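S.K.: To start, I am sharing the structure in question, which I have written as structure tokens.
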Amino acid sequence: MCAARLSAAAQSTVYAFSARPLTGGEPVSLGSLRGKVLLIENVASLUGTTIRDYTEMNDLQKRLGPRGLVVLGFPCNQFGHQENGKNEEILNSLKYVRPGGGFEPNFTLFEKCEVNGEKAHPLFTFLRNALPTPSDDPTALMTDPKYIIWSPVCRNDIAWNFEKFLVGPDGVPVRRYSRRFRTIDIEPDIETLLSQQSGNS
């Protein structure tokens, strides 16, 4: 079953995919981001690393956005039910609960989606097939089987909230990072891609 899903993601870039912003409106085509370096994360409001990862995502977008980085967050409730609110509740949860203190993401958040299983968003099926394991933890798997609430279960499944996918300015996925790899520590790899981007322009 997992191998059969490869054909569904027989694309070479992320530009074939689109997603609807959390705030509503028309779907955003990732094709509109050609030439940008993309950092894509599956996020959750109630995770143990929510504060760390959201603030680091904001930091990278603020500092590197003007040079061509675009951070994209996809809320997902598949890991410990840690994004169990409705789409319209997520921004208030971030603002008042975690991270709290009036926090507002300065990057694009999309509507809740699934990232594993039969109902996975096609973008994440593509990303998982393009980069089957995190570069920093090739043996990463869901640590507790009772949390697996999707089917089919595949070897390339995302293991938890805040896995990261770095995509080059040509739309090709470059590297995948586990939940344990801090968002801010991706900066050197982003810098490398940004320098390649400016060298090609």
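Cβ from N, Cα, C; glycine included.
What you see is a predicted model, and the numbers here were worked out from it, not measured in a lab.
So Swiss-Prot has the following annotated:
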MOD_RES   S7  phosphoserine
MOD_RES   S32  phosphoserine
SITE      U47  site 'Subject to oxidation and hydroselenide loss to dehydroalanine'
ACT_SITE  U47  active site
MOD_RES   K62  N6-succinyllysine
MOD_RES   K62  N6-acetyllysine
MOD_RES   K86  N6-acetyllysine
MOD_RES   K86  N6-succinyllysine
MOD_RES   K112  N6-succinyllysine
MOD_RES   K112  N6-acetyllysine
MOD_RES   K119  N6-acetyllysine
MOD_RES   K146  N6-acetyllysine
MOD_RES   K146  N6-succinyllysine
MOD_RES   S195  phosphoserine
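Provide an account of the burial state, proximal residues and distances for the features listed.
M.R.: DSSP classifies S32 (phosphoserine) as helix under the three-state reduction. Cβ environment of S32 (phosphoserine): no same-chain residue six or more positions apart lies under 8 Å away.
Listed in sequence order, the residues of the same chain lying 6 or more apart from U47 (site 'Subject to oxidation and hydroselenide loss to dehydroalanine') and placing their CB within less than 8 Å of its CB are D53, F79, G80, Q82, W160, N161, F162. U47 (site 'Subject to oxidation and hydroselenide loss to dehydroalanine') falls outside any helix or strand according to DSSP and counts as coil.
DSSP classifies K62 (N6-succinyllysine) as helix under the three-state reduction.
Sequence-distant neighbours of K62 (N6-succinyllysine) (same chain, 6+ residues apart, CB-CB distance under 8 A): N106.
Under the three-state DSSP scheme, K86 (N6-acetyllysine) falls in the coil class.
Counting every protein chain shown, the Cβ of K112 (N6-succinyllysine) has 20 other Cβ atoms within 10 Å.
Sequence-distant neighbours of K119 (N6-acetyllysine) (same chain, six or more apart, CB under 8 Å from its CB) are W150, listed in sequence order.
The secondary structure of K146 (N6-acetyllysine), as reduced to three states from DSSP, is helical. Under 8 Å, Cβ to Cβ, and six or more positions away along its own chain, K146 (N6-acetyllysine) finds no residue.
Sequence-distant contacts (6 or more apart, same chain, Cβ under 8 Å) of S195 (phosphoserine) do not exist in this structure. Secondary structure from DSSP puts S195 (phosphoserine) in a helix.
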S.K.: Provide the number of Cβ atoms within 10 Å of the Cβ of K86 (N6-acetyllysine), excluding the reference atom itself.
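M.R.: Neighbour count, Cβ to Cβ under the 10 Å cut-off: 7.
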